[in-house]
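Heads up: the structure comes next, in structure tokens.
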Protein chains: 2
Amino acid sequence: MSVDTAYTELMEFQRQTEALAQVMGRLSWDQETVMPRGATAQRAEEMAALEGVLHGRRSDPRLAEWLELAMPEDDEAASQLRLIRRMHDRATKVPSRLAQEIARVTSAAQGIWAEARAADDVSMFLPTLSEVVRLKREEAAALAAGRDRYDALIDDYEPGVTAAAVSALFDRMRPRLVALREAVLGAAFQPPPLSGHFGLEAQVRMARDLAATFGYDWSRGRMDMAVHPFSSGSGCDVRITTRVVETDPFNCFYSTIHEVGHACYELGIDPDYALTPLGAGASMGVHESQSRIYENQIGRSRAFTGWLFGRMTERFGDFGVADAEAFYATANRVQSGYIRTEADEVHYNLHIMMRFDLERGLIRGTLEPEDLEEAWNTRFLEDFGVAVDRPSHGMLQDVHWSVGLFGYFPTYALGNIYAGCLMQAIREAVPDLDDQLARGDTSGATGWLRENLQRHGGLFTPHETVTRACGFEPSEGPLLDYLETKFGALYRL
Amino acid sequence: MSVDTAYTELMEFQRQTEALAQVMGRLSWDQETVMPRGATAQRAEEMAALEGVLHGRRSDPRLAEWLELAMPEDDEAASQLRLIRRMHDRATKVPSRLAQEIARVTSAAQGIWAEARAADDVSMFLPTLSEVVRLKREEAAALAAGRDRYDALIDDYEPGVTAAAVSALFDRMRPRLVALREAVLGAAFQPPPLSGHFGLEAQVRMARDLAATFGYDWSRGRMDMAVHPFSSGSGCDVRITTRVVETDPFNCFYSTIHEVGHACYELGIDPDYALTPLGAGASMGVHESQSRIYENQIGRSRAFTGWLFGRMTERFGDFGVADAEAFYATANRVQSGYIRTEADEVHYNLHIMMRFDLERGLIRGTLEPEDLEEAWNTRFLEDFGVAVDRPSHGMLQDVHWSVGLFGYFPTYALGNIYAGCLMQAIREAVPDLDDQLARGDTSGATGWLRENLQRHGGLFTPHETVTRACGFEPSEGPLLDYLETKFGALYRL
């Protein structure tokens, strides 16, 4: 090992680690889309074995030596080293036994969650959830090394962000969101929901068209069905999933566009970064900014819904919506629904605020898993004014906690905030954006995002990534302004 | 490390290796069924990285120490140690660099082969084939350590068998097979081929029914489409693939039954052996005995084809075959076809003999890849009396060489021979077998196989496995007797 060769050796070693991490992603994809149901226990062992390999490589003592010796020649190399150092620091804090145990338990937990959700039975899920929470508390304690445990988990998804900062942010956002929600729900004008039946195959065909419309590269991806839609993979194999509810095509269409946003981010990264730490999104917050801007600021805009109305009319005939204006209102209908992934833009961040408080309690130990259902339902009634009618509409709705994703939820809100900022920048840079979107041409917006944000992958910190793209410091202002303007007009406030 | 704990530690280590080997199998499955075409190069790196991990574990020096210390308490433990020792011996002979290079090159080669086959263009495949041959020669030399290089490769698939033994076996079989072939092709009675069109979806539904009829456990498996059908996986996740030719439903149905035979072998192994060396088939020859007996001795029997005729009539209506007797003849029609996987039972072993000679030449260096096409076509004309009309009917038809499977082909012939012996034993043990098969009930035959052979997995050597199941030493006699009796009657010789 020498100064001259350290960087090259390190990157060669890391490349294989990144390749193995992609394999882990493929196993998750497989499990959630095509795996036979009887394979759950075996798959958990497979994932635990692979996690053992990954953890061993990420905590390999040679990394410390290479990091000590390697001299970055440029900003790119410096960023690679920054990300490898970060990965190594985290891995060395978590015992291999614990990392493997988390992989094993969360792999099996996912199937148990899906069954409990289908059966609407919290008791089926509770023992597993308790086990996951116990393990994640242990991991958080190891990572925190005396600091806040929940912060240690957030840091995995959004480096540099703390629970205190998120909390302060949410305190600033909540009054304006609640005021908007009250005004909208109290408005005289209330758009009707979509009614009727929209066949599965026709929805899937439309979803495929939408993916292509947003620039998804089918030669490096595919679309399958999943209970909880997700995107998966980096580099040349980035897959999306969707789901179909035959009475609610927006569920399929907008979750598809959302996942396409994630996928296009990964696919848009400079190919030179493939199988290196720079070859993935900068953070989950930045990732969510892409999925949310594709889905909402672009996909639910007046201009784009006008185009979508035309396409849906071609495919489904007259489906009971008079014109593009009425369709726009229906596609943006605000209501106190139970389900986060189906929530309108006004309610969405309120869902996140609630999950943030609950999962922080679970990790800090102020809330126990057996008390979660009551806590969820009480809080939902307070925040949304509706009583949860069944667990699949309540604490069983999201896959996240079953797979150990604690600290992830805040990144959705950060993503919304970043999306608000990015859209402000796009509107300045692409003056005829609405004309383009009205023709179903998203390339002005998505091309801007690829050029100014996506291609950089992990080159900059999350905050830098967004700041450089926008040309200004991100804050919640642009998002809240956008929401108040959009829904104020739509609901004739 | 102590005598007391060595076996336990060894098996714990090995369990993770087996789990990672299953992951490798899943990557291959993914690549051949669902992977986006643009992911080929990245997948090659992923597989090479995982091969590096597997090779490192299989050649880990701790294995030698554990193997030295471990005291087997029973036959099962002794067999585990035998298989681990064998694996370790082989792995230590092959440099990690070479093992990874083979994984990388063969992963990419598979896609190149599929494209070349589709384009019917040998020149597209030749550079890759040359590279694979070069690497496999190097691996064979490393494994052979001065002994015969091709033997060293056969040994991977059929431990204990040599090229000399295969050669002598083929010399004994060839005269009777050639005589039978000549008699059959010269017979006055010649059954017509199937004609007409059989829709893709109906074929797939029928294939799924056939898989269930042969006892395939759908809760631990699934069926997808592949260019070259295969089965994949052990334990609780054993998947099959099939393909559809709309003018030839037998292609789909019998390749499905064949793969179900492989899959049922894996699924029938004692669950206690899962994720241990005993938890897979004893050898590829024994594996092929299961796939071939399911496909031919059972699936193409007069009794079973009678049942199949009824089911096909229900599904496809009148498809131009008068009755069950005529259907039986058509399903067993003998002709000098180009394609091994579609070959009748009389021709099948002649295909293997030809591939055996060619691949032995490629590995020993007496045949170069650039001369393969001419050698193939010359030999095919000699053995089959027909000139190859295009490469996809010739040297591009099989996936094997692209993925580095040299030494595998002889196991098909060994499988046929074992199947002949096993069927003789089944007919003695299940006197009313034909009555069962005529009702579409395969459980007498498949249950016997599971009980007497499949459940043992790798507990016995391949030769022991078959000998114990049959109750006699396997030889080519029962297979040749069966073929002469069956086709003599069918062709009214």
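If you go along the chain as it appears here, the first residue is 1 and each next one adds 1.
Note: Cβ is positioned from N, Cα and C throughout, glycine not excepted.
Those TrEMBL annotations? Automatic predictions, nothing curated.
If you check TrEMBL, you get these features:
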type	residues	note
BINDING	A:His258, A:His262, A:Glu288	Zn(2+) binding site
ACT_SITE	A:Glu259	active site, proton donor/acceptor
Set of same-chain residues at least 6 away whose C-beta sits under 8 angstroms from A:His262 (Zn(2+) binding site): A:Ser231, A:Ile240, A:Gly281, A:His287, A:Gln290, A:Ser291
Whole-number Å value for how far the residue listed as 'active site, proton donor/acceptor' lies from A:Glu288 (Zn(2+) binding site) (Cα to Cα): 9
A:His258, A:His262, A:Glu288 excluded, remaining Cβ within 8 Å of their centroid (Zn(2+)): A:Ser231, A:Glu259, A:Gly261, A:His287, A:Gln290, A:Ser291, A:Arg292, A:Tyr294, A:Glu295, A:Gly415
Three-state secondary structure, A:His258 (Zn(2+) binding site) (per DSSP): helix
Count of other CB atoms lying within 10 Å of the CB belonging to A:His258 (Zn(2+) binding site): 25
A:Glu259 (active site, proton donor/acceptor), number of other Cβ atoms within 10 Å: 28
Local Cβ density at A:Glu288 (Zn(2+) binding site) - other Cβ atoms counted within 10 Å: 29
